[in-house]
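Here's what TrEMBL has on this protein:
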DOMAIN    B:55-85  domain 'Ubiquinone biosynthesis protein COQ9 HTH'
DOMAIN    B:172-242  domain 'COQ9 C-terminal'
Amino acid sequence: MPMARQSMLLWMARPARQTCRTMSTTPAGVDVRRRAMLDRIIRVDHAGELAADRIYAGQMAVLGKTATGPVIKEMWEQEKKHLAKFESLLPQYRARPSALIPFWNIAGFALGAGTALLGKQAAMACTVAVEEIIGDHYNSQIRELLEDNPELHKELLETIREFRDDELGHLETGMQNEAEQAPFYKTLTEVIKIGCRGAVWVAERV
Amino acid sequence: MSASSIRRLVSKNLLKFYGLSGHRSGLQVISRRCSTEKENEAVHSEDESEFFENEDDLKKSVLDKALAFVPTHGWSQKAISKGAEELGYPGVAHGMFTRGGVDLALHFCDACNQTLAARMKTDADAVLDAPAARKPVRSVIGDAVQSRLTMIHPYIEQWPQALGLLVMPQHAPESVALLQNLVDDIWFYAGDKSIDVDWYTKRLTLASVYVSTELYMTQDRSPGFADTWQFMESRIDNLSTAGEDFTRCSPMQSYTKYC
Ligand SMILES: [Fe+2]
Ligand SMILES: [Fe+2]
């Protein structure tokens, strides 16, 4: 789809959309910066929740019928809820979606299925690594939003806080399900964490 | 320091900056404003248009006035100077608008975009109250493009000149951003909720419809621009039939407000 590619490049170069320009009472500079921040936050979170949804889908594809199935299923259900929320926030905030959506989709599934193939413990180690990064990531967004304007971002802050707690719950579940007994636990989680940090960096921009 | 004294300071400095401190008519406007403001706040709000809190407001007012001179002077520094004179700030134009006509053309595009967005917002709000009156997405899009292009009609003779300025490489980033804002507004108020590759293709295809119709319009001599609207409809039809459904879009309930 050459047209889509062209279009994506054009739109990525565009500064964040400023909504309600005429109604805004704040100075233009503050407004532009705030729009850019929200644009980035919503885009990366949506991409992240999409990837999380695909990770659990990948794990389910491999481990769905085993004893671990219901544990994964439970976390997956929460991820679906997270994803649906950000799918509605994207148009609400008029944020540009990540141009790499198809990639996050495949990469998430591959990561989930790939680690699950190494066994239940490795799947749980993957969960631990991913959720640790996502938890940190949500925490830094909360700080950023609080610094900017806690009143204005009240709704978004509530959402992110709730999701962060869910993610840390997943981390806990992973630990309880023998994540640390995975083969090469340290190396495996470190590699995944580096990958996640890179993905966050990219999704904020692309 | 009160708000009004801050404003006074800003305005004075602004005039100084543009070399106007010695200019009588400019100062007169300011000093008159200052005294009335001190005496009576109500007068202030009635007559706000003449008092500028910041450079942007002053610039916008000059350019708004300048539009009236486009049919005679084109998209030029001359038209801007005339607008500034009209506003009581002769001479301000040279220091403020260093790029000449393109500033005026960009301002016009932005103002039209905002007018259209406000109009579409009103329509979208009305539909929220009366969902039965909802128009199909395709006609919301078509109407929006048509009404945006109609705003150019008073300047149609000078529009090729404006386009020439807008597409110059050094101005392209700004004019492309304005085009992107325009199509983003149209899709937003049409209720678009796409979150994947669709988001990009919808915006690009609409931009291409807009730009090609705009170019067609500059050459169109048919009464009431009938040929232009026909051309526009066929462009939208082509898009709708070219595999992807151009106007596939969730209904109006997705129109949400964030202000
Ligand atoms: Fe999540
Ligand atoms: Fe999670």
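Glycine residues also receive a Cβ, built from the backbone N, Cα and C atoms like all the rest.
These numbers come from a predicted model, not from an experiment.
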The domain 'COQ9 C-terminal' (B:172-242): DSSP-derived helix, strand, coil residue counts: 60 helix, 0 strand, 11 coil
Same-chain residue ranges lying at least 6 outside the domain 'Ubiquinone biosynthesis protein COQ9 HTH' (B:55-85) that approach it to Cβ under 8 Å: 14, 49, 91-94, 96-97, 100-105, 107-108, 111, 154-155, 157-158, 161-162, 165
Integer average pLDDT (0 to 100) for the domain 'Ubiquinone biosynthesis protein COQ9 HTH' (B:55-85): 91
